[in-house]
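Okay, so here's the structure we're looking at.
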């Protein structure tokens, strides 16, 4: 598991630089004794001393809160039931009772902690309910204050501490109830399943060993938990980092023993108790509970920790052996590797992108256009098929081999043909590798071409070999050795078949002799460095397309085997090859070589020159190849024309309608909800207006520029009102919105919403105000990241009733007048900061020892924005990983220039 996922309760507080800088005026002796915390809002406070749950719950010297009394009552309830219930009933009850508390822990706490981490949900709920507000809920506040004050020490002051800390103290009391009851209910279930084995005297030594091992595991479990608590303290034990900040994370103590010791070796006691109980039921319940705890780790705890302590990309222009003030103290072995001397000052970011480029891990990052990935999938598929293929009859096996050969035939000629056709028209393969993989700036743009062609060669050769091998498989399954070669046409069939196979081999060898590896692998579809002229030598002196003779072996094998399946396979292969030549290779040759292509093959010219009296015969000879193709094409065209006359208009209409629906489907995936009380509101009193851009002074905004909207509404307007941005023309109605905003919306009272859920806070009514106004600013993910014209709509009560509209506003992007390095870089200097939310920490131009063109990312969305902007400005596609790998304006500008040069080469040919 990666380091970003290994923070669970591995938290040892360490002084934060920012916190220390704010506390420089603190007297020196106090700094060593006092622990300081910091809220998300920046408020610094002294963290009081807390006590562990065992001490506060069972030590009579400590006062008990009402929640402590509830906890003790539940514990006593379990003990009483254990002694009064029959053994079988006790087992069933405590099984479900433990499942309840385990679910409350893993699912309940997981859900609550996730919402608190993302949206500060617990704190906001306390605010919404007014539990700690002296004016709104004084009785509840005083009760909570007493509960917390009784549990804390003398250094605790309820009124002096921030809301986040007091909310955390209240939260941890609820957590104590869950944790303690979860533990005891498991123990009660295990004890109810305990039995003394029969034949104790015979198996005494074995049982004693089992019990001894169980007690050792329990003791080890207790030691791990105790040591872990000593390291992380209550702050880490009760997930304090989702409420406030108390320091950075380091690894220490028991956390060097095993990964996630609290959730791995920290559950050894489960298996110790299973050994002592000697029950498979306890063992399987332990395994299920342990698995649920790991699910809690993976799905609930790791994501917020990773989001809090790790950025997606940090492009640091430092030598890899330089010391780093990171947020995490590394493992000693890792640290020794990092600190080893290097000859060059290459950053770790650059090294990672140099040696690792979307590598396949199991099946993650799979790319079937990479030859190694395609071969991996084939090996896995064939291995699975061999392993799970049942015993089949000879007839079924023959049909399976035929389908196998047919599939490879279609993959080779049609599948690869379509890829090659796309490469000829749009440089599809080169674009794919250029978009998804990072290449060094020093390769002059050739890296993508070389890799695309290298992978194409491997895939093409693999496909061609599998085409022949699969065909031979069908022949082998259908062939039977003749009993008498002199009877019938057996000898003739084998002779003609062998001759056709020999003709195929000769034609292929002659073709390769003329074409070489460049022509054999269709190099002119990829590379422009080679000369663009044709030489008709060898077999090409006589035939324009000797590849047409390549199917001779298939017909020869059909003769030899005498199988209709092989014959049909040969015909299908012949038609597929004809389609490939006429639709893929010949159009590309005409585009590339133009008039230098000859019309007649060599042997046709000879017949035309030396036998004019046999002109009609010559046409028939020429038709041996070309005419067959033409007649087949005419037949297919006639068939399609007949189909088109009967159903063509309807099919075209359906296709066109489908395209339109698909284009609008994302926007229209919304169930329009309208308000029933709309008649009680006067829409004329609502007003929304677009503030002009600070850059242009008009309603035109650069892509990524924040858009400010002013609104005015009656004082009694709903607190759930919201404003959305929509493409002009997306909604036909001006009274009801029927398309999705695609995330481009904001509530008019953002402080009263938890993400997309209104908190339902009540406002204090005012008799003097008739209207209320405010401002919302669209930025980041709420902005449209596609150029075009948009309109603003003010909606009522969380529904889709439109109260006011304004627009249009235009989203534009400046395109450089010429494709030079300076113009491209200047465009990026404007685009990139806007895509990074204009966060100065992500573009540290003045940071020490840093390339001034470097930039960083907080989220993958920012990298996607840059990709979208580059596509709209320069018409070049990049995957987010490529932009993250560069993370530098100069590098990105060079990449764009090289890409444009590669993609524009011969575009007008």
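Backbone N, Cα and C define each Cβ position, glycine as well.
Per Swiss-Prot, the feature topological domain 'Lumenal' maps to 1-65 (among others); the stated evidence is sequence analysis.
Here Swiss-Prot flags 1-33 as region 'Disordered'.
Among the features that Swiss-Prot reports, transmembrane segment is placed at 66-86 (among others), with the record citing sequence analysis.
Same-chain residues lying 6 or more positions outside the topological domain 'Cytoplasmic' (87-91) and placing a CB less than 8 Å from one of its CB atoms are 81, 188-189, 192-193, 281. Residues or ranges marked as topological domain 'Cytoplasmic' by Swiss-Prot on the basis of sequence analysis: 87-91 (among others).
What Swiss-Prot records for 92-112 (among others) is transmembrane segment.
Summarising the annotation, Swiss-Prot assigns topological domain 'Lumenal' to 113-173 (among others).
Taken from Swiss-Prot, the feature transmembrane segment applies to 174-194 (among others), supported by sequence analysis. Here the transmembrane segment (174-194) has Cβ contacts under 8 Å with residues 53, 57, 67-68, 70-71, 74-75, 78-79, 81-82, 87, 90-91, 94-95, 97-98, 100-102, 104-105, 108-109, 238, 270, 273-274, 276-279, 281-282, 285, 289 of the same chain, all six or more residues outside its ends.
What Swiss-Prot lists as topological domain 'Cytoplasmic' is 195-199 (among others), and the listing cites sequence analysis.
The transmembrane segment annotation in Swiss-Prot covers 200-220 (among others). Nonlocal intrachain contacts for the transmembrane segment (200-220), taken as residues 6+ away from its ends with a CB within less than 8 angstroms of a stretch CB, comprise 265, 268-269, 271-276, 278.
Residues annotated as topological domain 'Lumenal' in Swiss-Prot: 221-256 (among others). Computed over the topological domain 'Lumenal' (221-256), the whole-number mean pLDDT of the model equals 81.
Taken from Swiss-Prot, the feature transmembrane segment covers 257-277 (among others), and the record attributes it to sequence analysis.
Here Swiss-Prot flags 280-300 (among others) as transmembrane segment. Counting residues 6+ beyond its ends, the transmembrane segment (280-300) has Cβ neighbours under 8 Å at 5, 8, 91, 95, 98, 102-103, 105-106, 109-111, 113-114, 186, 189-190, 193, 260, 263, 267, 270-271, 273-274 in the same chain.
Residues annotated as topological domain 'Lumenal' in Swiss-Prot: 301-373 (among others).
If you look up Swiss-Prot, you'll see 374-394 (among others) marked as transmembrane segment.
The annotation topological domain 'Cytoplasmic' is assigned in Swiss-Prot to 395-399 (among others). Outside the topological domain 'Cytoplasmic' (395-399), and at least 6 residues removed from its termini, the chain residues within Cβ reach (under 8 Å) are 474, 477-478, 565.
Summarising the annotation, Swiss-Prot assigns transmembrane segment to 400-420 (among others).
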Looking only at the recorded stretches 374-394, 456-476, 498-518, 552-572, which one has the largest tally of CB-CB distances under 8 Å to the transmembrane segment (400-420)?
456-476
Count the CB pairs under 8 A between the transmembrane segment (456-476) and each of 66-86, 257-277, 374-394, 498-518, 552-572, then give me the winner.
552-572
The transmembrane segment (498-518) vs the transmembrane segment (374-394): 3 or more CB pairs under 8 Å:
no
Would you kindly check 66-86, 257-277, 374-394, 552-572 and say which stretch has the most C-beta pairs under 8 angstroms to the transmembrane segment (92-112)?
66-86
Quickly jot the same-chain residues contacting the transmembrane segment (374-394) by Cβ under 8 Å, restricted to those at least six beyond its ends, or write none.
360, 366, 368, 400, 458-459, 462, 477
Please indicate, using numbers and ranges, the residues of the same chain that are 6 or more beyond the topological domain 'Lumenal' (421-455) and have a C-beta under 8 Å from a C-beta there.
353-354, 357-358, 367, 369-371, 521, 523, 525-527, 583-584, 587-588, 591, 876-879, 881-882, 885-886, 891, 894-895, 898-899, 901-903
Are there residues at least 6 beyond the ends of the topological domain 'Cytoplasmic' (477-497) whose Cβ is under 8 Å from a Cβ of it, and what are they?
394, 397-398, 401, 555-563, 565-566
